[in-house]
């Protein structure tokens with residue numbers, strides 16, 4: 001279908017160019033104008049642009065993905081869906097959407113960021129309007145903090161100027177140098193515009209292992225008390241999580257004004273994954289590869305994962321992070 005549309009556009013442009021030589025000067029100028037318009041249309045057709053053709057939120061798609069692809073995260077799923085749906089449905093938000101995702105490795109933080117991007121941008125994570133920063137890669141040297149701050153401000157301002165519906169993902173916040181993230185505080189605040197630029201329709205997502213210990217402890221306490229993990233509510237985790245992150249002097253959120261000024265809309269906890277969730281991850285990966293999910297293979301993969309605490313073996317040490325490589329071994 002896309003090729004057919006492109007062929008028609010190219011044919012129309014070629015026809016317009018041929019007609020230029022057949023008419024008088026006035027008609028020629030009109031035809032050239034049509035040709036230029038078609039040229040811009042073809043360019044837009046082939047190149048991602050900041051418009052509804054390329055950026056359109058799919059609320060149903062996000063809900064379906066969270067329900068069918070994210071396992072063991074009832075709190076995160078509920079918060080993400082409501083937060084993103086509410087924000088994208090608001091034509092005049094007062095500030096950017098700021099989400100801080102916390103939890104142990106392999107619990108789904110990066111995966112959720114991917115799902116959000118895929119249900120907003122036609123190109124998903126490959127979109128030129130989705131920007132990912134990794135602390136150890138982009139901000140490796142503490143001595144360069146002043147330079148990083150300036151570069152980060154310029155990068156965000158330039159990209160939001162280009163498209164107000166930009167998304168910025170900051171990975172490894174627990175490894176970021178304290179103070180660096182405060183440089184973008186004005187962009188997350190309640191301002192209509194800063195130097196003529198509005199940031200209110202942008203999305204900022206922070207990913208961090210910081211606070212993971214308090215999340216694990218709460219989840220383990222529920223398990224030891226014989227309570228279902230689905231009974232855990234955000235209120236059981238939110239206060240301890242935000243305090244843990246704010247007071248962690250090894251984290252990029254250490255005493256940050258983003259928390260102090262309540263600019264983070266939601267601290268989203270990702271619970272540690274249990275055996276049943278690893279089985280679900282293995283089946284989902286098989287399905288993604290075009291294979292029929294094999295319960296026996298999924299069971300072998302899940303049993304091969306390391307669990308903690310050692311005495312009880314309740315939670316996966318690496319969540320679902322190694323499932324893909326383990327599945328290669330068993331299939």
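Quick reminder: no glycine exception, Cβ is built from N, Cα and C everywhere.
From a predicted model like this one, the values you see are computed outputs, not experimental measurements.
Residues annotated as ATP binding site in TrEMBL: 103, 104, 105, 106, 107, 108, 109, 110. In sequence order, 273, 316, 318, 319, 320, 321, 322 constitute the residues six or more apart from residue 106 (ATP binding site) in its chain with CB-CB distances below 8 Å.
Under the heading domain 'Torsin-1A C-terminal', TrEMBL lists 273-330.
As annotated by TrEMBL, signal peptide applies to 1-22.
Summary of the ATP site environment: with the site residues 103, 104, 105, 106, 107, 108, 109, 110 set aside, the chain residues having Cβ atoms within 8 Å of the Cβ mean position are 111, 209, 270, 319, 321. Taking the domain 'Torsin-1A C-terminal' (273-330) as a whole, pLDDT averages 94 in the prediction.
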